[in-house]
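Asks: Here's the feature list from Swiss-Prot:
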| type | residues | note |
| --- | --- | --- |
| DOMAIN | 1-57 | domain 'IBB' |
| REPEAT | 101-141 | repeat 'ARM 1' |
| REPEAT | 144-183 | repeat 'ARM 2' |
| REPEAT | 186-226 | repeat 'ARM 3' |
| REPEAT | 229-268 | repeat 'ARM 4' |
| REPEAT | 271-310 | repeat 'ARM 5' |
| REPEAT | 313-352 | repeat 'ARM 6' |
| REPEAT | 354-393 | repeat 'ARM 7' |
| REPEAT | 397-436 | repeat 'ARM 8' |
Amino acid sequence: MATSKAPKERLKNYKYRGKEMSLPRQQRIASSLQLRKTRKDEQVLKRRNIDLFSSDMVSQALVKEVNFTLDDIIQAVNSSDPILHFRATRAAREMISQENTPPLNLIIEAGLIPKLVDFLKATPHPKLQFEAAWVLTNIASGTSEQTRAVVKEGAIQPLIELLCSPHLTVSEQAVWALGNIAGDCAEFRDCVISNNAIPHLINLISKGIPITFLRNISWTLSNLCRNKDPYPSESAVRQMLPPLCQLLLHRDNEILADTCWALSYLTKGGKEYIHHVVTTGILPRLVELMTSSELSISIPCLHTIGNIVAGTDEQTQMAIDAGMLKVLGQVLKHPKTSIQVLAAWTMSNVAAGPRHQVEQLLCNLLPILVDLLRNAELKVQKEVVCTVINIATGASQDQLTLLAHSGILEPMLSLLSAPDLEVVIIVLDIISYLLQHIDNLQEKKRLYFQIEKFGGFEKIECLQHHHNISISNSALDIIEKYFCEDGDGDSLPGPGLRV
């Protein structure tokens, strides 16, 4: 509901103004100024390995030999025979690697996880280590409770030790398992980090590993950047940024997508985290990737840029200096609505900056802004009116006049009939702000007559009776202050009262 107070979290990555507004108006604007996501997070949180026979470490002959029941598996893993350990673990892996409804709880309830963790330490038997890591990977891909069962039995440290295995298939499977564990929650992420996983992951990147392995590492690094309450420690961030910068120069789309997601998670943490990211010199590459034809790349990249320009004025200027505004103009014309929404949200954050940044925005994007108000879908228009209120409440008189007469009024007044009440509230705030703060009397009269010309007066008059109290109060306030002649000489003449 537009009238409710906005939770603090909703504003964390959305800059807005309102210093000169009354507190109730600030609250109404604050409740609407957030990124309305058009989709769920598109990065995969956890991954389950369902390719039964991908490993060259396992012969097809052995596949035919595996006919274990769960009781057979339990008996075999508790034996002293390494061959039975391998065959039973492999059978368990096959059991939970089916595509639909894998029986993860059967393995957990059978008490197999402690044995599987022990098998991770079986250095003379890399095939057994591989199978055990695979089973734990798939269990950790399940619910948080299932992931906790893996962590509780001490799997993290031996998995990290396997990152140094001379067998790439073993170390890659360990990376995968750690990615699933880290992606579950901040607690498990920090457990992985505190056990010194990051340096081992970085070492693997420099070894010329296969592209599939590198994809797993980039995804695992992104999960180490993921989750909040708390965000990852700044020391961990400083460790991860050099390899992330290196991966951002890669040409593989999956690696680029996961790396951009990692950076979007970090920059969501506030100005300190943004500082660590922008001081790497990575902004020009991020600006370049804003126009990627791959949505899997452009979406997290736009999230990252939008988060950065929600930071300090200096951080925003660094993005502008990297050419972000010119590229943003291209992205705002993207045929996909979800991309336009992200780009318009980014634009609104720039609009909350100081006047010289507002000037740069107006020079680069004002015609596009007007066009979006006229022709875009409502969810895009919503971000654009947030941009307009941010521009207006920080603008100079010249900028305010330019904005008022740029062509925004007609499409903006049309939005007073929008079904989204937050949009209606923001548009009313914009109209009120323009009428109150344009100082030049002729410009103010010009604004008034334009509002009447485009049917704004009638729309605002009708909104006095709206069921939403914030809308009706705002509309009444505008009518009483600016469209009624009350004898004090301050209001402009309303319709039928002109002389």
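Here the Cβ of each residue, glycine as well, is placed from N, Cα and C on the backbone.
Fair warning: this is a prediction, and the values are worked out from it, not measured in the lab.
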Asks: Could you count the residues of the repeat 'ARM 2' (144-183) that DSSP puts in helix, in strand and in coil?
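Replies: When I sort the residues of the repeat 'ARM 2' (144-183) into the three classes, I find 34 helix, 0 strand, 6 coil.
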Asks: Residues of the same chain, at least six outside the repeat 'ARM 6' (313-352), with any C-beta under 8 angstroms of its C-beta?
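Replies: For the repeat 'ARM 6' (313-352), the nonlocal Cβ contacts are 14-17, 33, 35-36, 38-39, 271, 274-275, 278, 283-284, 286-288, 290-291, 295, 298-299, 302-303, 305-306, 358, 360-361, 364-365, 368-369, 372, 376-377, 379-380, 383-384, 386-388, 390-391, 394.
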Asks: So if I exclude everything within five residues of the ends of the repeat 'ARM 8' (397-436), which remaining residues of that chain have a CB under 8 angstroms from its CBs? That is, six or more out.
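Replies: Sequence-remote neighbours of the repeat 'ARM 8' (397-436) are 1-2, 21, 25, 28-29, 31-32, 355, 358-359, 362, 366, 369-370, 373-374, 378, 381-382, 385-386, 388-389, 391, 443-444, 446-448, 450-451, 454-456, 459-460, 463, 466, 468, 470-471, 474-475, 477-478, 481-482.
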Asks: By a Cβ-Cβ criterion of under 8 Å, what residues six or more beyond either terminus of the repeat 'ARM 1' (101-141) are in contact with it?
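Replies: Tertiary neighbours of the repeat 'ARM 1' (101-141) are 46-49, 55, 57-58, 70, 73-74, 77-78, 82, 85-86, 89-90, 92-93, 95, 147, 149-150, 153-155, 158-159, 161-162, 165, 167, 169-170, 173-174, 176-177, 180-181, 184.
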Asks: Give the nonlocal contacts of the repeat 'ARM 3' (186-226) in its own chain as ranges (CB under 8 Å, at least six residues past its ends).
Replies: 43-45, 47, 147-148, 151, 156-157, 160, 163-164, 168, 171-172, 175-176, 178-180, 232-233, 236-237, 239-240, 242-244, 246-247, 250, 252, 254-255, 258-259, 261-263, 265-266
Asks: Residue list, the repeat 'ARM 2' (144-183) vs rest of chain: Cβ under 8 Å, 6 or more residues beyond ends.
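Replies: Non-local partners: 45-47, 49, 55-57, 104-105, 108, 113-114, 116-117, 120-121, 126, 129-130, 133-134, 136-137, 189, 191-193, 195-197, 200-201, 203-204, 209-210, 212-213, 216-217, 219-220, 223-224, 226-227.
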Asks: For the repeat 'ARM 6' (313-352), what is the mean per-residue pLDDT, to the nearest integer?
Replies: 98
